[in-house]
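Undergrad: Mind looking over this structure? Questions follow.
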Amino acid sequence: NSILSCDRRCPGGSMAADLGELLVPYMPTIRVPRTGDRVFKSECAFSFDSPESEGGLYVCMNTFLGFGREHVERHYRKTGQSVYMHLKRHVKEVPAGGGAIPRRRNGKVFLDLELNRDFNGEDYEYEDEAKLVIFPDHFEIPLPNIEELPALVTIACDAVLNAPSAYKKQEPESWEEEIQVSRHARSLRQLDNGVRIPPSGWKCQKCEMRENLWLNLTDGAVLCGKWFFDGSGGNGHALEHYRETNYPLAVKLDTITPDGADIYSFEEEEAVLDPHVSEHLSHFGIDMLQMQKGTENGHHTDNKPRPRVSEWEVIQESGMKLKEVYGSGYTGIKNLGSSCYLSTVMQVLFSIPDFQRMYVGNLQRIFDYSPLDPTQDFATQMAKLGHGLLSGQYSKPPMKSELIEQVMKEEYKHQQKGISARMLKALVSRGHLEFSSNRQQDAHEFLLHMINLVERNSAGSENPSDVFRFLVEERVQCCQTRRVRYTQRVDYCIQLPAPFEAASNREELLAYEVKRKEAEENMRPPPEPVRARIPFTACLQAFTEPENVPDFWSSALQAKSAGVKTSRFASFPEYLVVQIKKFTFGVDWVPKKLDVVIDVPDFLDLNRLRATGLQAGEEELPDLMPPIVLPEDTRGMLNQLLKTPEIDEAAVMQLAEMGFPLEACRKAVYYTGNMGPEMAFNWIIAHMEEPDFAEPLTLPSMIDPGPSAGDSPTGAALLGNSPPEESIAILTSMGFPRTHSIHALKATNNNLERALDWIFTHPEEEEESDALSDMADTEPNDNAFSNANSHSDSTLSPDGDASGPRVKDGPGRYELFAFISHMGASTMSGHYVCHIKKEGRWVIYNDHKVCLSERPPKDLGYVYFYHRLSSS
């Protein structure tokens, strides 16, 4: 209140000289916004105060950052910037029978912004007020004041008042707005080579990469992108293919949706639009036109009957008179247009005490130590959102007088407005191809993205995402030799399949299918859909079943073989995230959502899934690396480290004379370790059906892998198992020390891009700690799982290695406390809501609306959140 109470306005009369003199000391700090400057005049950098708030908004005339009344003093103290423009919008309800057009009493309309758009223009009028405020004395100069202010100040004030919102300026920068149509789109030549692309199971044609894959639109080649592009791995084979063929356009395979796809032009060296992408994709058997479309909040864009009519109503609890709740922890988040995936994830994260403590508990310290531009600081924006959700400041119940007035008028207006997460969304999605767009996204993917950002920004401090982290023990068995290998990896979520064959209402489903076909043949309307009811125990059973390992290379046979993998918990997290795998692709590339209900339990006991490690009588696979395929450029750098394999040419010729391709014979002799033509012949018979059977042998790197946990009898079971040698080679070829590269890969689950980030944010530790970690890598540790198996709460890295992943191990007994539900046919469309259990009651968060839940639809959720029950 002190800011507004010191209202020392200019008295009437000629004050030009006085005002000019008053502003002289501050003139060097007053700037006119230039192209590229963002003017934050709709929201405070530290809070959700706006010009409509009681204290208005202060815009710094040097940085153009906005601050609420409680935060402007901090900026003044930190920067010494004294001149601010104070913006205030007074909103009044128009009396009954008032004019239809809102009256603007001030000529300067500075709020062409995304403020409270709940206001109906016919029901409200508003008055905008602007003035300059000079700190620290809070001297106020009403605007406009052209006669008395220096020309530079007048120009600066006009520019700020007329500047577009910071976020209106940013929105066109999202991918679908900024990119241009490729000059190759109209005239693209496509080869009639019979290539058909399946809806899943892709891998790079030149290496084993299964992510960041691009489909060349000329010849249908599926190849990987650069490993540092788009935050995912790759060896640059798509670009290499362009250099060889000059085929210009490629589409990223996992981005194809009913609305389009991400397309890159190698010749134009940028992301582009292709208006004919549907035809170009159909050339390779990908039919986009049949994909179902849907939009936010259930308003479908086509006239076909919705396949899940009741899903929208059940999940949103439509038709029930839900009681609105207000106060701390009951604040909604406005939908910015297909942003409900972000809202639901952030509501759940800030219902977890560790996130509350980290960001809201440290609010004052985070704000005090924030950088000069707090809009670009992750901790500041997380603290801002957390405080907005938990303070209750933006979720106040209506006054009694307002309620009485509504009853008298026989009308009801939603009091809840919610807060806007626009500033946080702009920050966390920056540079991300998908989240920076205005399209709907997968809430599960966004959750993992947020955990990744929290990890990156918590170096050297408390990391709230520790509560999700756990270790998975993977047991891989060679089916031929029955030998095994145990490894551990870090994870944050378990994905449960939904096995249709286990449905408890199979007869009902079969009867429905018969009726549906009859109706289709007789041109009658289809019967009421029947959902498959799948027991949760069946989902858990399917999760624990052994699965085949694609392209398994047996170190015992030194050849590709059949392998199976089972996964168990080496530690249990404090908070368990369970995703139901509801989304898949049909053979025609039409995305499908499995229409299932699953009786997800309130309480869960997973103790029987705890890992056991190497068992008596089990024999380990030898610790040998498969042949390594390195990118061409890396291979050139490391030529001195490569050795030509010894191949028995006599055995090769003996096999070739039998009619087998020469290159296949060379591979057979090499992969069987020159054990003679008979062994090589068996290898040929086992691998004849493989597509790369006759392709040339790729010479492997024989780089000395150095000491690793595998050197010890129990080494394969240690978390210290060495990352893939090709990944280590790529990092060391860039000049990073081998030990540091191994640490980085281990800490980031062998993701090269994240490993690079890790290296830059974790300078090399002292030689002593390196020596200790080397010992941990090489020496057997009989107590590798002693801590993990003790079931004690809040245990760090189970092998006792402080440099390993931090996990909070404990019993595997859990209680459900939140779930996110999705409505619609695909994660790229539709709508998300979440239900969270607070104070013993289930609460539904549907964008800005927060109400007590009458019937939480636990059986229709997509991502479930459990918290661990205490040992008692």
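Including glycine, each Cβ sits where the backbone N, Cα and C put it.
Nobody curates TrEMBL annotations by hand; they come from automatic prediction.
Pulled these from TrEMBL:
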type     : residues                       : note
ACT_SITE : Cys340                         : active site, nucleophile
ACT_SITE : His831                         : active site, proton acceptor
BINDING  : Cys204, Cys207, Cys224, His237 : Zn(2+) binding site
COMPBIAS : 764-780                        : compositional bias 'Acidic residues'
COMPBIAS : 781-797                        : compositional bias 'Polar residues'
DOMAIN   : 180-288                        : domain 'UBP-type'
DOMAIN   : 331-869                        : domain 'USP'
DOMAIN   : 646-687                        : domain 'UBA'
DOMAIN   : 722-762                        : domain 'UBA'
REGION   : 764-807                        : region 'Disordered'
Undergrad: Do any residues at least six apart in sequence from Cys204 (Zn(2+) binding site), in the same chain, have a Cβ closer than 8 Å to its Cβ, and if so which, in order?
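TA: The list for Cys204 (Zn(2+) binding site) reads Arg210, Leu213, Val222, Leu223, Cys224, Gly234, Asn235, His237, given in order along the sequence.
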Undergrad: Can you give me the Cα-Cα distance between Cys207 (Zn(2+) binding site) and the residue listed as 'active site, proton acceptor' in Å, rounded to a whole number?
TA: 38
Undergrad: Other than Cys204, Cys207, Cys224, His237, which residues of the chain come within 8 Å of the Zn(2+) site, judged by Cβ distance to the Cβ centroid of those residues?
TA: Lys203, Gln205, Lys206, Glu208, Met209, Leu213, Leu223, Gly234, Asn235, Gly236, Ala238
Undergrad: Take every residue in the domain 'USP' (331-869), average their pLDDT values, and give the whole-number result.
TA: 80
Undergrad: What does DSSP give as the helix, strand and coil breakdown of the domain 'UBP-type' (180-288)?
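TA: Once the DSSP states are binned, the domain 'UBP-type' (180-288) shows 21 helix, 24 strand, 64 coil.
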Undergrad: Cys340 (active site, nucleophile) to His831 (active site, proton acceptor): how many Å between their Cα atoms?
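TA: Here the two Cα atoms lie 7 Å apart.
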Undergrad: Would you count the other CB atoms within 10 A of the CB of the residue listed as 'active site, proton acceptor', including those on all shown protein chains?
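TA: There are 25 of them.
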